[in-house]
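Below is one structure, written out as structure tokens; the observations come after it.
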Amino acid sequence: MAEMVEPNYRKVMPHPASPSNTKTIIIIDSDPSKDVTTSAILQGYQHNPQEAWLPITESRNGNTFFAAFHLLCSGIGLQALLLPVAFATLGWAWGIICLSLAFAWQLYTISILVRLHESVLGIRYSRYMHLAIVSFGGTCIILIITGGRMLDLIFKTLCDRDAICHAKSLTNTEWFLVFTCLAILIAQLPNLNSVAWVSLIGAITVVLYSTLIWALSITKDRPIGISYGQSDKLKSNMEKFSDVLNALGIIALAFKGHNVILEIQGTLPSSPKQTSYKSMCTGVTISYIVIAMCQYPLAIAGFWAYGNKVPYSGGQGLLTAFSQIHGPNTSKLIMTAIYLLVLVNCLCTFQVYAMVVFDNLEVRYTSKKNQPCPRWVRTCLRIFYGGLTFFLSVTFPFLGSLAPLVGGATLPLTFSYPCFMWIAMRKPRPNGLVWFINMGLGCFSIILTILIVIAAAWTLTDKGLKANFYKP
């Protein structure tokens, strides 16, 4: 979905439909005091809703800081706690090299997406449309699983073995439902810009809990028998190769949020004189400096503190290691604070990813009715989505254990598709340097995706998976 910006007229002019059955509607403003008016080129729909009706582009009053809040909240999460698991396979040198290469590569693809947002003068591409529901739906399911388990851990930390507290804990399914209800209650905020302060809270909490975990880990005694070398020398070459690919999948999973870049940039104001490019670049720079300051200490300090003792089952990595090894000797206040920070971050991150799904759902309604969603329809759509993700989280509560497989399967969203998009839209000279760089990175990412998915599937087949359907 794209939007055109035109000055100095006030008419609604339908463009002739293109051969691809795409309709274009331009809204132009004649007031000379206004530099910008909004016009929408809504592609691929039989009826084209106005951009102002949809949650992503309903408000264009964002700024650099709002963009940075969204980027931080969506760009780092519990997946970063699994980085020490990758280091346990790759070792110090290759772990740092692979993490740094992946960080640089994903920054490059972010720069591609930011440039493509307004790559054609006057047209804004504000959605990663076709991938959104699958990608963000999966993310929200994992957030419900994680958030529900954090609620359970908070309760058990405060009440278990406490003579004063006689309350009985809820089941995991009930905790999932509590988290979903809280998330959908917050999700009644109308648009992505209105979620900016929620994203700020999410950004603060992720920085706090990641810093607390690695800082506390290095101040405690290291467990006996940890190893920093590649373990299990008796493994076959195939097993070792599979472990390396699984480690790369974990590193790939640590970098997320690319499929919300266009949506975040779509909330920023733009005019022919000043596009959203500079504001977005500043937001990206600020947020990814902070992300690097979180991810590298988690990977390096976490690996130093626990070596090969960090589990990836459950998807919480370093948090699980700290809770199991040092949790009994850490005060209830600190443990509760860590779990609470993770819980709040999950609630906040849910809002950013879910808003994109809400936008997609509302596109269907507004396309059919040719009018904005009434408040009750918007509320019903969001409750429906919350119920659907809750049902899927109860159905697949083991998704966190599939980290390498999920990392491999979603790798193209971060590392591959933006490179191919650049070639398709900017059309660099065939066989030129820019063409070779983007084609090479895109193809290499696809090959790596196939290898990682095969290796992860082979590992699951070999070691087995506790697929506890409907038993969270």
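Backbone N, Cα and C define each Cβ position, glycine as well.
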Could you check which of 165-184, 405-424 is flagged in TrEMBL as transmembrane segment?
405-424
Mind checking which residues of the chain, 6+ beyond the ends of the transmembrane segment (436-460), have their Cβ under 8 Å from one of its Cβ atoms?
105, 108, 112, 241-243, 245-246, 248-249, 252, 402, 404-405, 407-409, 411-412, 415-417, 419-420, 422-423, 428
Long-range Cβ neighbours of the transmembrane segment (286-306) (under 8 Å; 6 or more residues past either end):
64, 67-68, 71-72, 75-76, 80-81, 83-84, 86-88, 92, 95-96, 99, 103, 107, 110, 203, 206-207, 210-211, 213-215, 217-218, 220, 222-223, 226, 228, 254, 317-318, 321-322, 325
